[in-house]
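Feature list (source: TrEMBL):
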DOMAIN    58-165  domain 'Phosphoribosyltransferase'
Amino acid sequence: MVEMFAAENGLKGDPRLQAISNAIRVVPHFPKQGIMFQDITTLLLDHKAFKHTVDIFVDRYKDMDISVVAGVEARGFMFGPSIALAIGAKFVPLRKPKKLPGEVIAEAYELEYGRDCLEMHVGAVEAGERAIVIDDLVATGGTLSAAIRLLERVGAQVVECGCVIGLREVKGQLRLNGKPLYILVEPREIDGC
Ligand SMILES: O=P(O)(O)OC[C@H]1O[C@H](OP(=O)(O)OP(=O)(O)O)[C@H](O)[C@@H]1O
Ligand SMILES: Nc1ncnc2[nH]cnc12
């Protein structure tokens, strides 16, 4: 098991975690029946909770000699750049197909229904760099596994993936290929906002 919840890894009882969880809105049956959508736009509206989120990641990664923060489109873009600026790393956007203008490498991944693809600019990351991958949420792990493959293809070392929200039993654990996964909060079940 390489999944780590912040509450069990140094932040036990930290009230910031509850504040973060409270700021996430749950929208039942979006975008389709049966999905309890974890909406982080309400977290972004709450300055304190948003800052707590960034601060926790920054405290964790600031002394790990990280030079690359890779953010997954679209919601990884909302947290990754702030973390990168604070720890003195570059931000590398991993984008959906046909969005990046330069030469790219691509990795396909499985979704619950169908497939998607992430792309990264050639030259954005160099061999030997130490990277973290940031996203808002991990569900099956398919998206993060594609991000890891992109970075490893260019010779970077993926130190950890960091997500704001994650299931306790990430179905895609094995897909992360043994990489540590650091999660701030579990999904909310009801809308408390
Ligand atoms: O662990 P997984 O099963 O791969 O799912 C997690 C991914 O799903 C969501 O993105 P989505 O694909 O909905 O794209 P969006 O952020 O562009 O809406 C979420 O932001 C993660 O990136
Ligand atoms: N339940 C969920 N809420 C928000 N984004 C998701 N991506 C995959 N599952 C999700």
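Backbone N, Cα and C define each Cβ position, glycine as well.
Owing to the predicted nature of the structure, the values given are computational and were not obtained by experimental measurement.
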Segment confidence, the domain 'Phosphoribosyltransferase' (58-165), expressed as mean pLDDT: 97
The domain 'Phosphoribosyltransferase' (58-165): DSSP-derived helix, strand, coil residue counts: 28 helix, 43 strand, 37 coil
